[in-house]
Amino acid sequence: MGSDEPLLGRRFEAARPEKAVADGDGDASFVQTCLNGLNALSGVGLLSVPYALSEGGWLSLALLVAVAAVCWYTGLLLQRCMAVDPAVRTFADIGERAFGRGGRLLVSGFMYAELYLIAIGYLIVDGDNLDKLFRGARVSLGPASLAGKQLFVVLVALVVAPTTWLRSLGVLAYVSATGVFASLLIVLSVLWAAAVDGVGFSAPGTTALRPTRLPTALGLYTFCFCGHAVFPTLYTSMKEKRQFPKMLAICFVLCTLNYGSMAVLGYLMYGGGVQSQVTLNLPAARLSSKIAIYTTIVSPLSKYALVVTPIAMAVEDRIGGAGAAVSVAVRTLLVLSTAAVALALPFFGYLMALVGSLLSVGACVLLPCVCYVRVFGRPARAAEAAAIAAILVLGSLLVVTGTYSSLVQIIHELM
């Protein structure tokens, strides 16, 4: 079945208003939307995927591909739900169409909590990596002082705030282009560190499979592909909405290749000793390491706005629309609040594992399937019905086991 054929079966095709699938009022081209989509998927998960591979073992690479395929499929399900009614413009709208007001609240809770924590993760990443480069940095303002990670989290928040003020995703695509390039450059820099700068590819501690750690690995893999909260925004921003399935396929294939390459490189280089951010393993004195770390630092500057935009739009809609001044105020307050949480809970690895196991699986795997079935009923095709049922069962199992495993690890480290 081609990706352009409706997953609902042809019996629903006649019931769809033509304008529902027609090109809309978006201003972003296909290339611009691809850049935004790649940027949304190529997040800080790139830094943690070697750690995920070390948790699951070499055979868990198959699970990375499986998770990518499932998330691509559920992304298409969201697009099909939106194509039915031009009034459906967000993930929350899909939830309301499926389950009423309660569905909107449920979807919004998962989606915005996930995006909010990802934005916090971006600030933590920059704080960690800047602290690695500039040990002992401190700024004093009267009786108050900031040092180390806390100082850099605040500085990054101040720098990233203006990028959130852009309201057009067509314009934001130019910022996204730098993020896509940054993700590729990080992988190439890590490869250079291993092949040229002497780190090598023969680290001890690699293993074929670690069954007891698979829930953690799966949670981190899912976190890598948690762009579903942004997909409806990308869809509504497109000039040619019929090209959304093609755009989504390109984004998932390229991101899976990038994630897989980084996972293999990092695991070969550091084995079981790889940290939750592979850049923290790199020898800081090497040029390749500096390039990777600096690129890691710059990357959130391009990604943060894309992640925060759906939250800001929801807040602005809630207060009855917003002029330019109100919009800037809302988005600035969002940045400041994420910085405050990042200062209070600077635990990147634990945070991302929990986000992946609970929020990403819920928002990116379970909710699209549940909403789709609720909107269109049981799929007419037996293969599609079986696929959705399997996704729901396995996704529910991962939510329980992955969340439990993540919480146990957090509690163990805190005690």
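Backbone N, Cα and C atoms are what each Cβ position is placed from, and that goes for glycine too.
Because TrEMBL annotations are produced automatically, they should be read as predictions rather than curated entries.
According to TrEMBL, the protein carries these features:
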- 28-406: domain 'Amino acid transporter transmembrane' (DOMAIN)
- 57-78: transmembrane segment (TRANSMEM)
- 105-125: transmembrane segment (TRANSMEM)
- 145-165: transmembrane segment (TRANSMEM)
- 172-194: transmembrane segment (TRANSMEM)
- 214-235: transmembrane segment (TRANSMEM)
- 247-271: transmembrane segment (TRANSMEM)
- 291-315: transmembrane segment (TRANSMEM)
- 322-345: transmembrane segment (TRANSMEM)
- 351-373: transmembrane segment (TRANSMEM)
- 385-411: transmembrane segment (TRANSMEM)
For the transmembrane segment (214-235): best-contacting stretch of 247-271, 322-345, 351-373, 385-411, by Cβ pairs under 8 Å: 351-373
When counting Cβ pairs under 8 Å to the transmembrane segment (57-78), the leader among 105-125, 322-345, 385-411: 385-411
Among 105-125, 145-165, 247-271, 322-345, stretch most in contact with the transmembrane segment (351-373) (C-beta, under 8 angstroms): 105-125
CB contact flag for the transmembrane segment (291-315) and the transmembrane segment (145-165), at least three pairs under 8 A: yes
Contact set, same chain, for the transmembrane segment (247-271): CB under 8 Å, 6 or more residues outside the stretch: 3, 30, 33-34, 37-38, 40-42, 45-46, 49-54, 58, 61, 64-65, 68-69, 71-72, 75-76, 79, 183-184, 186-187, 190-191, 193-194, 199-206, 224-225, 227, 231, 234, 238, 278, 281
